[in-house]
Each structure stands twice: as C-alpha cells, then as structure tokens.
Amino acid sequence: MLSLQFITHQTENYSYLESARMALEGGCKWIQLRMKEASPEEVEAVALQLKPLCKAKEAILILDDHVELAKKLEVDGVHLGKKDMPIGEARQMLGEAFIIGGTANTFEDVKLHHAAGADYLGIGPFRFTTTKINLSPVLGLEGYTSILAQMNEADIRIPVVAIGGIVAEDIPAIMETGVNGIALSGAILQAPDPVEETKRILNI
C-alpha cells in the first residue's frame with residue numbers, strides 16, 4: 001500500500017477538519033494539519049477535534065510549523081518549512097519522541113536537515129502548486145532522481161516524501177525514483193468523492 005501523507009486544505013466545499021476526516025475515512029494513516037494563515041488558537045481548536053479522529057483510525061497527526069502547540073497537545077510531531085523554527089531547535093524543545101519532518105528543495109537542504117536530526121523530508125515541489133505561496137524551484141522527476149542519487153552516494157538514509165502539485169497519475173513514476181511516500185492535498189479534495197479517491201490512490 002502506498003505511503004500517503006495528506007495535507008489539510010480549506011476549500012469552498014470543505015473545512016480543514018472535513019478534509020482530514022475524508023482522508024482518514026479513505027484509509028490515509030498520516031495527516032499533516034496545515035493552516036498557514038491561521039492563528040495558533042485556530043490551529044489548536046482544529047487539532048483538538050482532529051486528534052481523536054486520528055487516534056480512532058490509528059493514524060499519525062503532525063502539525064505544520066506549530067512546535068509549541070505540538071508539544072502542548074501531544075500530537076505525533078511537526079513538519080517544518082524553510083521559514084519555520086530550525087529543526088535542531090525543535091528537536092531540543094520536543095525531545096526524541098516526536099516526529100520532525102523538514103521541507104527540502106535541494107541536496108544542500110537534505111544535508112542540513114539530516115545533520116539537524118530530521119526524521120523524514122518532504123522534498124518538492126514536484127510541479128507548480130497553488131496551495132503554496134513563494135514556491136521553490138520545481139523539481140520534476142529528474143530532480144528527485146538527482147537528489148536521491150546524491151543521498152545514496154553520501155549514505156544519507158532518511159525517508160523522503162514527494163510533495164507539491166502531485167496528481168494520482170504521477171505517482172507510479174515518482175515512486176520509481178526511490179522516494180518512500182507521497183504527500184497530497186488538492187488531488188484528493190478536487191475529486192468528486194475524496195473518500196473514494198483516497199482509497200483508489202492508496203492502491204496505486
């Protein structure tokens with residue numbers, strides 16, 4: 001079964017919580033609560049409702065960016081973008097029990113995050129995506145192949161999740177580059193039935 005991370009997104013049709021609930025219903029076991037423009041209070045309110053839903057489905061829940069909140073709410077971990085708290089600092093604050101992921105766009109990013117103690121890397125974007133402002137250079141299949149080859153050469157063993165504008169049809173070719181999983185948002189939420197689409201994608 002595909003290793004799938006669902007990144008929450010608010011649309012005209014669905015709230016952040018509803019988007020996560022549908023992914024869980026479809027069998028996704030890893031939810032990243034991402035509410036970029038929201039206040040910590042708003043994130044906390046949604047996280048408190050989402051945590052028991054994830055627990056009931058035995059799914060991992062990580063927060064995008066909010067390290068202090070992740071510690072307070074005792075979720076599974078955090079994902080840190082390039083402008084968020086440094087991974088080393090987050091590790092000091094959270095200890096070893098929490099999962100810490102980092103965003104990477106280059107092999108240099110990979111080396112830094114690996115040295116700082118990241119548990120996994122979200123590498124991307126695969127292609128242009130509207131869910132992210134200030135997008136880093138697009139990688140495409142060649143970018144993943146190149147970064148993963150450099151990781152192998154440097155003996156850097158850390159799980160890699162491909163992210164950024166990915167649709168279901170891209171998944172087989174992306175997985176062939178050697179990544180460990182895929183992160184999706186719009187590909188699921190834009191489907192006529194997000195629950196069924198999640199199930200379908202997990203079986204690709």
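Even glycines carry a Cβ here, placed using N, Cα and C.
The model shown is predicted, which means the values in this text are computed figures rather than measured ones.
Features as listed in Swiss-Prot:
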type    : residues                                                 : note
BINDING : GLN32, LEU33, ARG34, MET35, LYS36, ASP64, THR103, LYS132 : 4-amino-2-methyl-5-(diphosphooxymethyl)pyrimidine binding site
BINDING : ASP65, ASP84                                             : Mg(2+) binding site
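In three-state terms derived from DSSP, LEU33 (4-amino-2-methyl-5-(diphosphooxymethyl)pyrimidine binding site) belongs to an extended strand segment. With respect to their backbone Cα atoms, LEU33 (4-amino-2-methyl-5-(diphosphooxymethyl)pyrimidine binding site) and ASP84 (Mg(2+) binding site) stand 15 Å from each other.
Highest local Cβ density among the binding-site residues LEU33, MET35 belongs to LEU33, counted as other Cβ atoms within 10 Å over all protein chains shown. Cα to Cα, ASP84 (Mg(2+) binding site) and MET35 (4-amino-2-methyl-5-(diphosphooxymethyl)pyrimidine binding site) are separated by 13 Å.
Note: ASP65 (Mg(2+) binding site) has non-local neighbours ARG34, LYS36, VAL78, HIS79, LEU80, GLY81, ASP84, MET85, i.e. same-chain residues 6+ apart with C-beta under 8 A of its own C-beta. Under the three-state DSSP scheme, ASP64 (4-amino-2-methyl-5-(diphosphooxymethyl)pyrimidine binding site) falls in the strand class. Least crowded of the binding-site residues (ARG34, LYS36), judged by neighbouring Cβ atoms within 10 Å of its own Cβ: LYS36.
Around GLN32 (4-amino-2-methyl-5-(diphosphooxymethyl)pyrimidine binding site), the same-chain residues at least 6 positions away in sequence with a Cβ under 8 Å from its Cβ are GLN5, PHE6, ILE7, THR8, ILE62, LEU63, ASP64, HIS79, ALA183.
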